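One structure is given below, encoded as structure tokens.
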Amino acid sequence: MTSSTSIPPTENHLTIEECSTEATMKTNTIGRFFRRYWDIAVTELHTFFTFNPKEWLSAFRRNSKYPILVRGDIDGLVALFIDNMATLLSIIITLQSVLSSDIIYGKIVTGFGLALLWGNLYYVYMARKLAYKEQRDDVCTMPYGINTPGAFAFIFGIIFPVYYNCMSENNGEDQQMCQERAWYIALGSNFITGVVILALSFFGEFIRRNTPGVALLSSLSAIGFTYLGLNLYLSITALPIVSFLPFSIIILGYYGKVKTGPIPVAAIALIIGTALGWATSANTAQDVRDAIKLVKPYPAVFPARGMFQSMNKIGPYLSTTIPTAVSVAIGTIQCVESAKRAGDFYPTREAMFADGVGTIIASLFGSFLGMTVYIGHPAFKRMGARQAYSVINCLAYLLLCFFGIIPLVLKIIAVTSVNPVIIFIGTFICAETLAITPPRHYPAFLLGLMPVIADWAQSTIISSVSAAYSNFTITNVDFTLNVTSQITGFPYSGLSNLAGGSLLQCILLTAILIYMIDRKFIRAAVWAFFAVVLSFFGLIHSSNVGVLYEKNDEGWRFSVGYATMIGLFMLLEIAQRWHLILGPEVEPDDLSSEEWAEWNRQKQLYEINESNQDT
């Protein structure tokens, strides 16, 4: 028998000595991997338990380098104010078909106002700490407001089903009791969401450090493109005479850098758009008179007792609550990553703490609306916003929420005239993500947008059609059984599966595709394994949380599908080690990182040396 040592080393074969050396290197690599993460865990625990009151108090010290109010704060205020207002308006309009004005304006809106006060002021506190620590004048406070996807998930996944089931059980009687039951259960679900966010805050920084930057920002970009871009552009095309001129002003001012003198771009767009709204009767005096009727003082409420008494009824709705909490936590991590790339390095854990506490505050004071840091920090920073815009925003909303002025403001201004500011924020996030993405990863980035687009299509279009459907049919007639089950033009079940856990899907899909493109098969297999687990428990590709192993469940089917991908990746890893296929891509996956800058420098030096040798 011929010894294996007699086989000459070729491109695709290794000697025993080479295999032994490679195995030893692999063992050392694994050892370094575990030591690295052990050191990270120890550092994280030490940081968490370190008592550092000097840093905490630095936010309250005088800092002459950090201006309290700058011109950019006006632009930032208009953008943040309208962003929150547009979301709040959509929520109010949707809720009016099932909840009374007393619950909407007297409980939900006032609770939102108090939660917004907490978040806006706390993020200013974080910005002032960072500005004092780094002695900078350009630190931008992260924007804060309503978690839009989560709000509509709670409306269509909790409030509507609870209300209609209650009305059906009571033969259409005792409407007030059914309204309060739906409200209390939504409050309890939101409270649990806040608790889950606080629990996940312990792992936030670890997740941020060990997830590809493009994958982290993919779902953020998807939200920007879909909810802030496409969704709001529909309102512009619905009223082109009112909206096109303000849209042009915003694009010219922010992207084209056309100067508008001392008046902020957003203010000009708002004034011109509102004038056009009244000139074309898009705004009417009758609407204003109707809104005035709702202007009155609304005291704060504290419905904690009723909320906790309803906790035993929350079980069936955990399939909405838990994925919402996870998506908020992931969204916060992404926003911190986005702010870091714009030059403002905020602590991930502290941001998640602020969002969790804000959501709990909202629940305790009557609002089921989850609160979170908003995407778009780089866009706000580009506007020149610093800290005052956040303070003014929360104080303005406190006044509006407790005196019922919000409907009046919405009827006076032309909201569609400032939607272009929100569209700018959404598209700017996409542009920033593409700027750090190597061209080879563009397919991963683009395919990573699809789950959120599917989620938007289902939660916005399908749910809106469902709500309209219920208005002219018998109460509680199931829309899915009557309509969606009859759709044959496209696979509706595929849309539903793609929409389930969309934010998590964005990250997983993008990460897997990035590592496939870079031929890093072990990493691709690790992310596919995460997908196996999350699918099996219904956190992605499903609207139900649980162990999904029944015959008609989709969870186990997706787990099997991802498992087959893992098998393929392991075979390719073996083939790669035997040099049957190309090795891993050596170019770093983040064009803004120091690693990529060093790699590019070495590449240029190599090309110069090669050129010199040729000549």
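Even glycines carry a Cβ here, placed using N, Cα and C.
Feature annotations, courtesy of TrEMBL:
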TRANSMEM  104-123  transmembrane segment
TRANSMEM  144-163  transmembrane segment
TRANSMEM  211-230  transmembrane segment
TRANSMEM  236-256  transmembrane segment
TRANSMEM  263-280  transmembrane segment
TRANSMEM  356-376  transmembrane segment
TRANSMEM  388-406  transmembrane segment
TRANSMEM  412-431  transmembrane segment
TRANSMEM  443-469  transmembrane segment
TRANSMEM  498-517  transmembrane segment
TRANSMEM  524-543  transmembrane segment
TRANSMEM  555-572  transmembrane segment
Quiz item: Given pairs 6 or more apart, does the transmembrane segment (104-123) have at least three Cβ pairs under 8 Å with the transmembrane segment (211-230)?
Solution: no
Quiz prompt | Candidate ranges 211-230, 236-256, 356-376, 388-406, 498-517 - greatest C-beta contact count to the transmembrane segment (144-163) (under 8 angstroms) | solution = 356-376
Practice problem: Sort out the residues at least 6 away from either end of the transmembrane segment (356-376), same chain, that have Cβ-Cβ distances under 8 Å to it, and list them. | Solution: 79-80, 83, 91, 107-112, 114-116, 118-119, 122-123, 142-147, 150-151, 154, 158-159, 183, 186-191, 193-198, 201, 220, 223-224, 228, 300-304, 307, 324, 328, 331-332, 334-336, 338, 425-426, 428-429
Quiz item: Of the stretches 236-256, 263-280, 498-517, which racks up the most C-beta pairs under 8 Å with the transmembrane segment (211-230)?
Solution: 498-517
